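Lifted from TrEMBL, the feature list:
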BINDING   Gly150, Gly152, Lys153, Thr154  ATP binding site
COMPBIAS  82-91  compositional bias 'Basic and acidic residues'
DOMAIN    139-270  domain 'AAA+ ATPase'
DOMAIN    351-420  domain 'Chromosomal replication initiator DnaA C-terminal'
REGION    1-96  region 'Domain I, interacts with DnaA modulators'
REGION    82-103  region 'Disordered'
REGION    106-322  region 'Domain III, AAA+ region'
REGION    323-441  region 'Domain IV, binds dsDNA'
Amino acid sequence: MEKDLNRLWEEILAEASQSLPAGTADLWLKTCIPTDLVEGSLVLDVPNVFVKEQISSRFLKDLVRICRETGKSDDIELRVGSETKKDEQKRAQKAASGGSAESRGGLNQGYLFNSFVVGKSNRLAHAASLAVAETPGEAYNPLFIWGGVGLGKTHLMHAIGHYVLDRNPNHKVTYVSSEKFINEFIQSIKNNKTQEFKSKYRSVDILLIDDIQFLGNKGSSQEEFFHTFNQLHTSKKQIVICSDRPPKDIQSIEDRLVSRFEWGLVTDIQSPDLETRIAILQKKAQLRRYDIPDEVINFLAVNIPSNIRELEGALNRVVACAELSSEPITEENTGEWLKDVIRKDIRGPVSVDAIQHATAEFFSMSVDDLLSAKRTSDLALARQIAMFLCRKLTEVSLQQIGLSFRKKDHTTVLHAHRKISQMVKEQPRIRQIVDTIEGKL
């Protein structure tokens, strides 16, 4: 029976690949597992609700038509979460058959669009990434995504690469961190292989470059990336860039690069709200087949608000502790297993000195410059944000904050607080900067 179902589904997939959009079978339908044939209706198990919705809205009508025209079945029914452990292993093997990490430009196989949880904090970035993946080099070029650590920027970047390769297996997709780009460039100079380096990065169809902020203060590497960018953009090859800050806030990077980063679309990812954090935990638990009570999911989402990476780490730790101790996963046990993590995440007293150092680090400047009398726009903004955070996060008096910033008049602190408070409400870029620095504290 199982072999017959698999053969039937493979025949349907073969027909679908001829009539549906390129890559559809690999990206969406390959994750389906045929589990039953009931009264002429083929039952398919899908990994999650998101995949079911995508297949239902975009492809199901055509799939049913193909089944009826070829006499394979009369209908198709999609079910979520009915697979056995054996089915789960089969699905993983099918997904893995799409190619090794090496053949896929170093892409992480787990970072796909259908495993990305969409919420208010990342909706635009997700939509833009999908648009770029569907029409690379045309929709937004470059696509620049910025936001704090562990919010999903790299996930979207890898998802773009997978989507493109599923539709066009012959495309050359390369993912690289800016640090690796810099190191490879330096080695190419030392070994007299600069031409090979240029050929490697200027001959790709999709360039995905992460943590671009580390190009700051790297003059020769910036020059090389500038020419690489121009070559790819002129050839209508897609460029996707990620950073922890928007282009204009990247310190010590050439204006001509900043300008090019803003040619396409600049979008940010913010910290996930409570509802999105709950959805992320539910999806992680579902994908790993963890049985986690709703009250524990809510407990984790409330107590670990920082980023997705820490949420996932906490979830894995809870499961590991439950397995090792043979204790049930309850809210009380979870609190005990994560007491050190939760205590770290709950904000304790923050000092003015810590705020000054965190702000200076974010803006890639020294604390001395932050406290100086210099009035450049970057320094003024950093100084005002630091004062704003001091007022928000400490019990220190206005006068003492002013003295800590070498200001005799505390009205400077009041002005900074009012100005940044307004900017946080009106400008997402400033809100993200404040949230990022506050998160580090």
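Backbone N, Cα and C define each Cβ position, glycine as well.
Positions of TrEMBL features highlighted on the structure.
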residue : record           : CB count, 10 Å
Gly150  : ATP binding site : 18
Gly152  : ATP binding site : 26
Lys153  : ATP binding site : 25
Thr154  : ATP binding site : 20
Q. Counting by DSSP, what is the helix, strand and coil composition of the region 'Domain IV, binds dsDNA' (323-441)?
A. 85 helix, 0 strand, 34 coil
Q. If the ATP site is taken as the center of the Cβ atoms of Gly150, Gly152, Lys153, Thr154, which further residues of that chain fall within 8 Å of it by their Cβ?
A. Gly147, Val149, Leu151, His155, Leu156, Cys242, Ile269, Ile308, Arg309
Q.
Limited to the region 'Domain IV, binds dsDNA' (323-441), I'd like the whole-number average of pLDDT.
A. 85
